[in-house]
Structures are given as C-alpha cells and as structure tokens.
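Novice: Pasting the relevant annotations from TrEMBL:
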REGION    1-41  region 'Disordered'
COMPBIAS  22-41  compositional bias 'Basic and acidic residues'
DOMAIN    90-421  domain 'Kinesin motor'
BINDING   Gly180, Gln181, Thr182, Gly183, Ser184, Gly185, Lys186, Thr187  ATP binding site
REGION    423-443  region 'Disordered'
COMPBIAS  423-432  compositional bias 'Basic and acidic residues'
Amino acid sequence: MAQEKQNKSAVIEANSRRRSNVVKEVDKIKKQREERRARQAEQKAEKIELMNAVEPGSQNQWEFLSMIREYRAQLEYKPITMNDSVDFHQICVAVRKRPLNKKEAQRKDIDVVTIPNKDLIIVHEPKQKVDLTRYLENQMFRFDYAFDESADNELVYKYTAKPLVQTIFDGGMATCFAYGQTGSGKTHTMGGDFHGKSQDSAKGIYALAARDVFKLLRSSKYKSEDQTVFASFFEIYSGKVFDLLNGKAKLRVLEDAKQQVQVVGLIERRVDSVEDVLKLIQMGNNIRTSGVTSANNHSSRSHAVFQLILKRQTGKMKGKFSLIDLAGNERGADTSSANRQTRMEGAEINKSLLALKECIRALGRKGAHLPFRASKLTQVLRDSFIGENSRTCMIAMISPGVLSCEHSLNTLRYADRVKELGADNPDLKTSDGDEDMSASGDDLAILHNSN
C-alpha cells in the first residue's frame with residue numbers, strides 16, 4: 001500500500017515537472033518572441049529615422065547612411081586639439097572638412113566624410129553593383145594634419161600657417177594656400193567667418209598671420225632691428241593681374257635682367273597693426289572678382305594673393321609671407337552647360353593649378369628646374385619657390401555631402417600628389433630641364449575632373 005502511494009506520488013511529481021518544463025519552454029518562447037518584436041520595432045524605427053534623414057525621392061540612400069553609421073561605430077575617435085604637437089615640414093599638406101551647409105541640410109544630404117584622428121580622412125563613396133546591390137567604397141587618405149567640421153580657424157591656423165611666420169624673420173619665403181572645389185570653405189578659412197553676407201576678417205588666416213608677425217616684430221629678439229611690415233593684395237583673373245588696393249588697376253608682370261619677376265606698379269602699403277591689415281583685406285575683398293557657378297552663386301573666380309613683406313631698415317626685403325585663396329574650381333562636366341566666359345575661367349584655373357603643383361614638386365626636389373612661367377600665378381610667386389629657406393603649406397578644403405563626393409575625392413587626390421612629391425619623400429629622383437613640367441596622366445586626369 002505504501003509502495004503504491006509512493007509510486008503515485010512519483011508519477012504526480014514527474015507530471016508536475018513536465019508541466020513546469022512546458023510552462024518554462026512556453027515562457028521562453030514568449031520572451032524570445034517579445035524580444036524579436038522589440039528588435040523589429042527598433043529596426044523599423046531606425047529605418048524610418050534613416051529614411052527621414054535623406055532627401056525625399058532618394059529613400060534608397062538610407063541604406064548608405066546605415067552602412068556609414070555602422071562603419072563609424074567601429075572607429076576610435078581622437079581628433080586634433082590645440083594641445084597636440086606641431087611638426088616641422090618644408091611642405092605641409094593639411095585637409096579641412098567643413099560642416100554641412102544650410103542648403104545641404106535642407107535637402108538632407110548625407111555626410112560621407114569621416115575624420116577620426118589628426119591625420120586620417122575616410123571618404124565613404126556610395127557604389128552599386130551590376131545586380132543593384134549597394135555597398136560603400138571606404139577610401140582612406142593620410143596627410144600631415146586633418147581637421148573635422150568642429151575645428152575653428154584658430155586651430156587650423158596653429159598647425160598650418162603659424163609655423164611659417166618665423167620663416168620670414170629668418171630671411172625666407174613662406175607660402176600658404178587654400179585649395180578646393182567651389183563652396184568648400186576656402187574664403188572662410190583664409191578671409192574669416194561669414195555672418196550672412198558680411199565677413200569677420202579678424203578670424204581668418206590673413207589676420208591671424210598678421211597678428212603673429214607683429215607679435216614677433218615687437219618681441220625682444222627683433223625689436224632692436226627696426227624692421228617694418230608692408231602689405232600687398234592682388235588678384236589673378238584669366239591670366240591677368242589686378243591690384244586690389246588700387247581700384248583693380250591692371251598690372252604688368254615682367255622679368256628683369258637678373259631673372260627676378262617684378263609686378264610693375266603693385267602698391268605696397270605700410271601696416272603697423274592688425275587693424276591696418278584688416279582694413280586692407282576688407283578693401284580688397286569688396287572688389288574681388290566673383291561669378292555664378294553651378295556650385296555657388298557667389299564663387300571666387302580669381303586667385304587672391306595677400307602678401308606680408310618684412311623689410312629691413314634700408315628698405316630691402318628680408319622675407320615675404322604669401323597667403324593665397326585660390327579660385328573655386330569645378331569639373332569640366334559641371335561647366336559644360338555654362339556660358340563661354342565660365343568655361344574659359346575654368347580652363348585658366350585648371351592650367352594654373354597644374355603649374356602650382358609642379359612648382360611645389362620642384363621645391364621638394366631641391367635643385368630641380370622650376371617651371372614658374374607656366375602660369376601667371378606661379379610667375380608672380382616665383383621668389384616664394386626658390387632658396388633654401390622656402391616653406392609651403394597647402395590647406396585642402398573638402399565638402400562633406402554625398403553630392404560633392406567626386407569633387408572631394410579629386411581634391412584629396414590632388415593634395416595626395418602634392419604630399420607625395422614633397423620634400424619629406426626620400427624616394428624622389430631629380431630630373432633635369434623642362435621634364436619637371438611634364439605632368440603624369442594621373443595629374444591631368446585629376447585636374448581635368450576637378451575643373
């Protein structure tokens with residue numbers, strides 16, 4: 001009897017365990033289903049967010065945005081700060097990414113440029129296979145410095161133009177220029193912040209360089225030398241030179257018997273303070289040539305060259321700092337539907353940019369032939385590319401939007417060629433004569449695409 005009760009109890013207990021296991025299994029399935037539904041709801045919400053983040057009519061781009069976010073999530077971020085060290089470069093190449101502008105934000109353009117640290121730039125180029133599968137081609141570039149959209153002009157200046165100020169006090173020539181497509185932020189970087197249509201010149205590299213020139217001039221080391229600073233400001237438009245401090249008077253560029261290039265009639269104004277410099281910058285910017293392009297309604301169509309000249313007591317030049325805001329460039333495809341004047345401007349810009357790169361190349365190859373006669377820009381800057389104590393800095397400006405992706409890649413390739421051909425490259429071989437001006441197929445392709 002006791003045995004029977006015991007068996008019955010064991011059966012009940014076994015049944016109870018089975019029921020308990022079934023309940024647990026059901027609860028587990030329910031929990032998994034709830035978690036799956038929660039994940040699906042989260043993914044749906046994320047998809048809606050991504051689709052809302054792109055331009056209506058381009059809803060397929062949410063896939064690219066999702067891929068970019070996933071890629072960025074795996075990166076470690078350590079952007080450049082004011083506390084990082086400044087390295088010496090005879091030829092320095094830096095890249096600056098601007099933020100998405102109002103127009104890009106309104107059309108919900110995707111940001112395809114990532115700058116995770118102080119020298120790396122990644123461009124996420126959207127691609128599509130033959131079977132319509134979408135993917136990203138993540139192209140990486142390394143330069144001396146890389147600045148993301150949070151960097152201000154002061155930070156950019158510290159690592160680019162500021163190290164060049166000492167050069168002119170050492171009797172050398174310094175050159176800093178901003179290069180990039182139309183609307184990428186060159187004039188903002190060189191000339192200062194824009195507030196609507198007005199520009200705060202005090203926050204541009206022109207003014208920041210002047211500030212440090214005067215600071216050094218009045219330091220105990222140089223105060224007793226009785227040196228003075230002069231400024232000139234001119235533009236090069238369609239192969240002609242115009243004085244921006246003299247009502248755009250046309251200037252002649254001549255070469256004297258000593259093979260020194262002279263800009264005949266160029267006004268040099270003495271400046272004794274940053275305020276004096278700001279007045280001249282404002283005067284010049286007000287009459288600088290601009291025009292309408294497919295990328296910008298107020299595009300700078302000339303190269304603007306602002307020079308700070310340090311002179312000895314005798315009036316002889318000791319050093320010169322040339323700060324250049326290059327003309328905005330566009331690809332040939334962008335100007336094909338433009339008027340004849342715009343196309344001719346683009347061709348002239350193309351020519352001068354190729355010549356500029358070749359002169360920087362020659363600067364890196366000490367003793368190489370200098371092809372400065374190839375354009376007016378390099379002709380007037382000839383003395384900046386000669387001598388042992390010449391230093392150059394290039395700031396390549398890129399736009400972050402997906403619609404500017406091809407432009408940005410062309411800018412980065414041009415900058416990459418400049419860096420590759422610089423003085424820091426130990427593999428460079430010197431050639432003689434005019435061979436320096438023979439551009440490679442890559443150079444011509446880059447500049448053809450850029451203009």
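Each Cβ is built from the backbone N, Cα and C atoms, and glycine gets one as well.
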Novice: Hey, what's the Cβ neighbour count for Gly180 (ATP binding site) at 10 Å?
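Specialist: A count of 29.
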Novice: List the helix, strand and coil residue totals of the compositional bias 'Basic and acidic residues' (22-41) as derived from DSSP.
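Specialist: DSSP composition of the compositional bias 'Basic and acidic residues' (22-41): 20 helix, 0 strand, 0 coil.
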Novice: May I ask you to report the DSSP-based helix, strand or coil state of Thr182 (ATP binding site)?
Specialist: coil
Novice: Secondary structure at Thr187 (ATP binding site) (DSSP, helix/strand/coil)?
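Specialist: DSSP call for Thr187 (ATP binding site): helix.
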Novice: Minimum Cβ neighbour count within 10 Å among the binding-site residues Gly183, Gly185: which residue?
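Specialist: Among the binding-site residues Gly183, Gly185, the sparsest Cβ neighbourhood within 10 Å belongs to Gly185.
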